[in-house]
């Protein structure tokens with residue numbers, strides 16, 4: 001049924017142990033909202049909602065009048081739905097994977113490889129790196145969201161080397177002194193940062209576990225005595241240590257920027273950018289890949305040497321890591337998050353309460369639409385029938401198709417839309 005080009009999806013939920021539990025999870029709330037008969041199990045982790053055609057979580061087509069059962073099968077059957085430029089550029093594949101994440105415990109010190117490294121890692125270690133594609137990604141906060149992103153300015157790292165002797169012990173006097181002497185020379189500073197970080201990450205386990213235990217003991221005692229532990233980022237350190245006791249990744253907070261994003265703020269994670277998600281709910285969009293190089297705060301496969309070798313060691317303040325959205329010139333309801341990669345763009349659509357008729361405009365790309373708040377009846381010449389939209393509804397919209405919304409909620413609507421604007 002090639003004429004059917006707009007339809008709802010049932011999307012895969014990933015129950016990773018770092019996810020929020022039950023109704024505390026934004027993922028769980030969206031699942032129940034989009035499917036009223038769905039049941040959220042108490043005590044179960046609802047970590048990720050995958051909206052796309054990746055083999056690990058290919059979305060199911062809800063309408064049984066459509067012959068294909070998954071989005072990936074449908075796109076393979078009707079590749080024109082992608083739009084001509086997208087189809088040709090990405091060899092008939094949907095180039096992005098759209099997600100919602102609900103993070104309860106820290107989600108690994110990690111980075112994603114560029115295309116060249118991704119292909120090499122996949123060829124050498126396919127069991128650990130299942131794709132040959134790069135994985136640039138963007139996180140947009142739905143709730144207050146905390147993460148780590150990029151190397152701090154050298155001045156801040158030097159401050160922690162001075163105030164946290166246990167951290168200094170792992171980096172070592174020689175590397176710490178080199179970092180002090182590199183100030184003012186950006187290229188040299190990056191080279192020395194690589195040396196400092198690599199030295200710490202490759203410490204013998206007994207050495208770093210002893211230092212971490214000493215640090216945790218000191219911060220705990222200082223906190224109990226009413227002392228300020230902010231010079232050691234004490235609260236976060238104790239939280240990470242409680243989640244991953246004895247993990248070298250606990251020390252990464254002294255190297256990497258701590259990001260506190262308000263709802264709607266975003267960070268873009270390009271190739272080789274060190275990062276971690278610590279807590280909160282976010283929209284995430286990425287190239288269609290599942291390649292991640294990890295080195296701490298995770299029970300998964302750790303590849304310290306690859307991570308240390310690949311990272312971008314350019315120091316920069318946390319404020320520079322916030323990715324700006326821009327107002328769409330043609331639609332005041334749309335804010336664009338348009339990263340410097342071709343694979344994806346994200347739109348945040350906020351329809352005010354005063355507007356009851358709204359059109360999701362056509363774009364020259366297949367797109368996936370997620371309803372975060374609000375209710376509407378959707379109509380499209382490319383749909384089999386009218387579609388009820390509510391919190392958690394996920395809609396696939398083929399290239400160059402529009403969707404008309406009759407909004408029934410009193411408070412307007414909030415939606416996110418992933419597409420590929422070449």
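Note: Cβ is positioned from N, Cα and C throughout, glycine not excepted.
Unlike curated records, TrEMBL annotations are generated automatically.
So that you can see what the record holds, here are the features copied from TrEMBL:
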ACT_SITE  294  active site
BINDING   110, 112, 137, 275  Zn(2+) binding site
DOMAIN    6-153  domain 'Phosphomannose isomerase type I catalytic'
DOMAIN    170-256  domain 'Phosphomannose isomerase type I helical insertion'
DOMAIN    336-376  domain 'Phosphomannose isomerase type I C-terminal'
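Here the features listed in TrEMBL are painted onto the structure.
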residue: 110; record: Zn(2+) binding site; CB count, 10 Å: 24
residue: 112; record: Zn(2+) binding site; CB count, 10 Å: 25
residue: 137; record: Zn(2+) binding site; CB count, 10 Å: 25
residue: 275; record: Zn(2+) binding site; CB count, 10 Å: 23
residue: 294; record: active site; CB count, 10 Å: 22
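Surrounding the centroid of the Cβ atoms of 110, 112, 137, 275, where the record places Zn(2+), the chain contributes additional residues within 8 Å, namely 111, 135, 269, 273, 292.
Residue 110 (Zn(2+) binding site) sits 4 Å from residue 294 (active site), taking the Cα positions as reference.
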